[in-house]
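According to TrEMBL, the features are:
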- 100-220: domain 'MTTase N-terminal' (DOMAIN)
- 244-499: domain 'Radical SAM core' (DOMAIN)
- 451-526: domain 'TRAM' (DOMAIN)
């Protein structure tokens with residue numbers, strides 16, 4: 001290989017490296033030139049001295065330390081009208097939508113509805129147009145959910161449908177771009193890009209500001225992804241665009257992420273750590289919604305009532321709010337900040353004729369001041385979502401919920417005494433790892449004891465990063481379907497009379513007793529081999 005080619009490759013891999021790399025480049029260029037002509041080349045020492053002086057002069061006229069400090073300011077502090085400089089590999093006009101039409105589909109919780117409005121607000125400012133007609137879309141974005149396996153399977157099925165739409169796209173039109181946004185993008189990352197080559201863009205919940213750049217990169221035919229989680233991104237300066245002009249209610253996101261780390265929940269891994277919006281930005285959004293004539297606002301967060309605004313130094317001296325009696329956290333106690341009771345008080349004062357709701361809370365964050373405020377204010381709905389998840393203290397401990405059945409029931413009684421006529425709703429998971437019939441009976445008895453107005457009941461969905469059962473094993477059959485079966489003694493076909501337990505890598509014969517769309521369940525019959533699998537056990 002020519003010396004010049006070798007040096008260029010090293011420079012590309014090293015970037016602007018140490019001064020020795022620069023002087024080596026000069027020396028090799030000189031030697032290559034001398035092999036082609038008789039021109040005298042300066043000595044390596046003089047070359048190195050010249051490169052050093054050139055580097056010093058560029059350093060003297062370059063950015064200062066103050067420049068970097070200024071550039072490190074939090075993104076929330078920037079005015080929404082400011083436009084960031086494009087990355088060096090893109091021109092400013094390449095970040096513009098040029099009136100390409102975007103079709104957005106939303107799956108999952110209310111947070112995803114709000115995320116859709118945030119994503120559209122960002123794209124609208126970049127020059128994209130919105131369409132409700134899938135056939136005329138130039139960009140299709142799916143805002144996804146990853147809380148249960150069924151939610152992800154819905155997206156996989158939808159991608160197969162969209163693949164046909166992309167294949168039939170007329171060549172006279174701009175290429176159709178498809179993007180996956182939200183929790184599924186964050187959880188599966190490379191699997192989506194590798195499994196579905198037709199996906200062009202991947203953006204996690206904290207990367208919506210990057211959508212114009214990602215779509216610009218996708219225009220070159222490359223796949224583009226940003227799934228970085230943030231410790232401070234709240235989109236406080238992004239005003240969501242309401243998707244329905246005739247709407248009478250709206251969602252307002254007040255915090256993102258969760259620190260509770262319940263053993264069954266994937267939210268901390270897809271939404272990141274807890275961080276709250278500044279109170280001022282929330283009040284500004286609520287006031288604008290009131291001026292638009294909306295009659296109901298729902299404050300949103302993965303753990304909405306753990307809200308804590310530390311955006312101002314003086315807020316750190318605020319008095320901390322106590323937890324509900326008998327409840328604990330899985331993390332070190334946090335101090336200071338403006339808490340949920342303060343925010344709820346301020347929001348309820350914006351418009352006495354605007355109803356205020358909030359979801360989804362954690363039972364640990366219902367101190368007396370919150371309950372008293374709900375009771376006193378006519379426009380704060382007398383409805384509380386109080387996720388129990390289980391009625392068994394043993395299962396609650398395995399779930400890392402931070403409370404017992406007894407503490408939960410005491411809180412329910414306290415809420416009913418503090419807010420007469422309150423409506424209660426709850427979430428429950430059936431079939432959690434290691435749950436027994438007795439545990440299930442206790443959950444049913446809690447439902448009867450509390451007498452909820454509404455309940456959301458789900459079968460436990462085994463996931464990566466969720467807690468695995470100590471009593472069940474799983475494998476995949478020939479059709480690549482997951483098969484779950486109890487870890488029990490069984491006969492070894494090759495050693496009659498010998499009782500064994502299945503080990504990773506074993507082939508076992510399982511009798512299927514139940515099935516869902518993606519999972520089979522049954523009980524194990526025997527350990528076998530591929531050759532002998534057709535034989536009776």
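Just so you know, glycine gets a Cβ as well, placed from its N, Cα and C.
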- prompt: So what pLDDT does the domain 'MTTase N-terminal' (100-220) average out to?
  reply: 93
Task: Count the residues of the domain 'TRAM' (451-526) that DSSP assigns to helix (H, G, I), to strand (E, B) and to coil, and report the three numbers in that order.
output: 0 helix, 42 strand, 34 coil
Task: Could you tell me how many residues in the domain 'MTTase N-terminal' (100-220) are helical, how many are strand and how many are coil under DSSP?
output: 61 helix, 23 strand, 37 coil
